[in-house]
Amino acid sequence: MEGVDYLRDERKKSEFDVEAMKVAWAGSREAFQVSDRMAKLVANDPVFEKFSKPTLGRKEMFKNTLRKAAYAWKLINDLHLTEEEAKWLRHYIDEPNYTDLQWEMFVPALEGQGSEEQKRKWLPLAQTMQIIGTYAQTELAHGSNVQGLETTATFDHETDQFVIHSPTLTSSKWWPGGMAKVATHAIVYARLIIDGHFYGVHGFIVQLRSLEDHSTLPGITVGDIGMKFGHGAYNTMDNGVLRFDRVRIPRNQMLMRVSQVTKEGKYVQSDVPRQLAYGTMVSVRQTIVSDASKALSRAVCIATRYSAIRRQFGSHDGGPETQVIDYKTQQSRLFPLLASAFAFRFVSEWLKSLQTDVKQRLEAKDFSTLPEAHACTAGLKSLTTAATADGIEECRKLCGGHGYLISSGLPELYAYYVPACTYEGENVVMMLQVARFLVKTVSEMSYKQPVGTADYLGRMAPLMHNNCDVQTAEDWLNPSAIVKAFETRAVRMIVDCSQRIAKFENQEEGFAELSTDLVEASLAHCQLIVVSTFIQRLKQEIPGKGVKQSLEVLCYVYALYLLHKHQGDFLATGYLTSKQASLANDQLKTLYSKVRPNAIALVDSFNHTDHYLSSVLGRYDGNVYPKLYEAARKDPLNDSDIADGINQYVQPILKQKLHLAKL
Ligand SMILES: CCCCCCCC/C=C\CCCCCCCCCCCCC/C=C/C(=O)SCCNC(=O)CCNC(=O)[C@H](O)C(C)(C)COP(=O)(O)OP(=O)(O)OC[C@H]1O[C@@H](n2cnc3c(N)ncnc32)[C@H](O)[C@@H]1OP(=O)(O)O
Ligand SMILES: Cc1cc2nc3c(=O)[nH]c(=O)nc-3n(C[C@H](O)[C@H](O)[C@H](O)COP(=O)(O)OP(=O)(O)OC[C@H]3O[C@@H](n4cnc5c(N)ncnc54)[C@H](O)[C@@H]3O)c2cc1C
């Protein structure tokens, strides 16, 4: 039997309706249809071929990406694609490029931070790509500490302009995507100075390049910051360095929704919180959570299909060897990642609805849910990107040696993905933001009832004293037992930190001293959100034979896997006995055997095309070995029998007549 037959057999084992599961994964039938249409459009168009990418040099690779982006823009216009379709199209093209910054950051920054007048002027230009923008916040010396940025924007009364300047080497903007070679404009974050007074960091629209011939404008120095981790992965993007030598822009190019500077040089803070200036980061963090489930599902799909095809050991009578997916150790590493992909998918949907709600409230000048939305987005960004980056690497290992080949699709996926742990808020820094929110919520509880994702803190008294009543492994198959365990662990960790901070004379000092524990408490809080959201999702109607049941199994796998992984927390907080923790682990192993027959069908439900996966190991048809061999044959080193350099550097060594004694 070949891999093709193995996957065919696996698909027959499925206990649920795969087509219905595809809809559940996508969120709705319409969402499925849009993404499916765009996936096929990209996969069937030779312009979007990407197998040659690993062999291209940086310049060729960059040019090739520009070509694809231009063609994609033509398709978007010619086919009158909707915003949603265009987003999926870019997603399936699968090469980071300047349009990510244009659509994910530049346009949202104008929308979220521009005044009505500014939006009227700049948005049509950006939305029709007459200008191309980037988000220039991070500098050589400061990324996380936004208030520490050094670039200055000094108001000049006489000319009614701001003077944008890079006073030091360390104030050079460093990292913004698309900035080195493509962007014509940037939202530049700089310290506002009026009459020698500092008014904090604000965003300014600055033109970098001529719209006539694309040359850099006077006073601007811009370039690429150099190759990044992994060859093909993120090197299609021109992350840039940018310096200003007293560049002048009109006063009306400061983003003026949150605060304004008048013609007279008066600084006016409007009635919206100044944190709204960070709104672009919040919206992109939500997109990043959604991206996490896509990246993880991609890696899991490759590793699962390959694990069903790969056989090692176990043949005693000349019969077939054991499929590696049947090893319990393989299952215990793979299936929690499969469950995590679904968990992240559902939590990202929930986060999107939370953001929509916050947006509507902001329009009505209700800012009450902003701190919670910030904490949720920051925390879930951190949790999902960290787990996804680790998960992709685990999938590479699950594929043994072949996982290390570029043709497996995993090394480049990892290299592309791993900076998500750093950009848009370094993960530890983000968890500390969650901790601030939690500690503050606890300290305000005597006069303010916690709401939303923090509402369980309001039930602190029972949660501090309850004990787990699980007695058998089956008792763990109960959503309320699971939620109670996660709530109790989180509440006890947060309260413990809060009480210890309160003992410090200086609270900031206490916070710093306890920051490692605080990060763990924040993680416990965020895991509770993911687990509860999964459980809530299962309370909704989910059509299709066996779909809900399969998702229930995955939900328990996700929760009990976390419980097992973090059992130290659950035991240390005194909620569980070691016997109950061990029962949870027994149940987890039983659940793995329920996932096993459905594993291939579950990864098929992601509806990933072979083009998108770009993996010989993850091919839908399972024809792995012949295609691995074929891919290897195509390597440029195999173009000729005698490679360049052999005659020059190897032959002379072979032809030396040295005697051992002389060596
Ligand atoms: C084969 C492989 C290839 C595969 C390729 C596949 C490619 C696919 C390609 C395309 C697909 C298309 C779809 C794309 C989707 C992809 C996603 C998009 C990716 C975009 C690309 C990435 C580009 C990256 C950009 C960046 O990184 S931009 C820079 C981001 N920078 C940061 O995030 C900085 C982090 N720092 C901060 O956020 C803050 O400064 C801080 C740490 C929060 C500051 O803290 P603090 O000093 O306390 O701040 P204060 O200003 O004093 O605030 C105090 C107060 O405010 C609260 N606060 C803080 N922030 C917020 C906020 N945002 N909202 C509300 N409130 C906030 C804070 O909690 C305090 O509150 P209290 O006073 O109450 O305590
Ligand atoms: C691929 C990529 C693309 C990017 N694109 C853009 C872009 O388009 N536009 C843009 O403006 N920026 C961009 N960035 C920059 C990115 O946003 C920053 O790198 C990120 O915000 C982290 O900041 P930093 O580099 O200053 O890290 P640092 O803050 O210097 O982090 C270094 C270490 O210090 C720790 N640390 C920092 N502060 C604290 C603290 N208070 N407490 C405890 N530990 C702390 C961190 O946990 C980390 O371990 C990009 C970065 C990458 C890698």
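Including glycine, each Cβ sits where the backbone N, Cα and C put it.
TrEMBL: automatically predicted annotations, no manual curation.
Residues or ranges marked as active site, proton acceptor in TrEMBL: E424. In the three-state DSSP scheme, E424 (active site, proton acceptor) is classed as coil. If you draw a 10 Å sphere around the CB of E424 (active site, proton acceptor), it holds 24 other CB atoms from the protein chains shown.
Per TrEMBL, the feature FAD binding site maps to T138, G177. Summarising the environment of G177 (FAD binding site), the number of other Cβ atoms within 10 Å of its Cβ, over all protein chains shown, is 25. In the three-state DSSP scheme, G177 (FAD binding site) falls into the coil class.
The feature domain 'Acyl-coenzyme A oxidase N-terminal' is assigned by TrEMBL to 17-132. Looking only at the domain 'Acyl-coenzyme A oxidase N-terminal' (17-132), the predicted model's pLDDT averages out at 97.
Feature annotation from TrEMBL assigns domain 'Acyl-CoA oxidase C-alpha1' to 278-439.
The feature domain 'Acyl-CoA oxidase C-terminal' is assigned by TrEMBL to 478-655.
DSSP places the residues of the domain 'Acyl-coenzyme A oxidase N-terminal' (17-132) in helix, strand and coil in these numbers: 90 helix, 0 strand, 26 coil. Close to T138 (FAD binding site) in the fold, though at least 6 residues off in sequence, lie K173, W174, W175, P176, each with a CB less than 8 Å from its CB. Secondary structure at T138 (FAD binding site), as computed by DSSP, is coil. Each residue contributes its Cα atom, and for G177 (FAD binding site) and E424 (active site, proton acceptor) those atoms are 12 Å apart.
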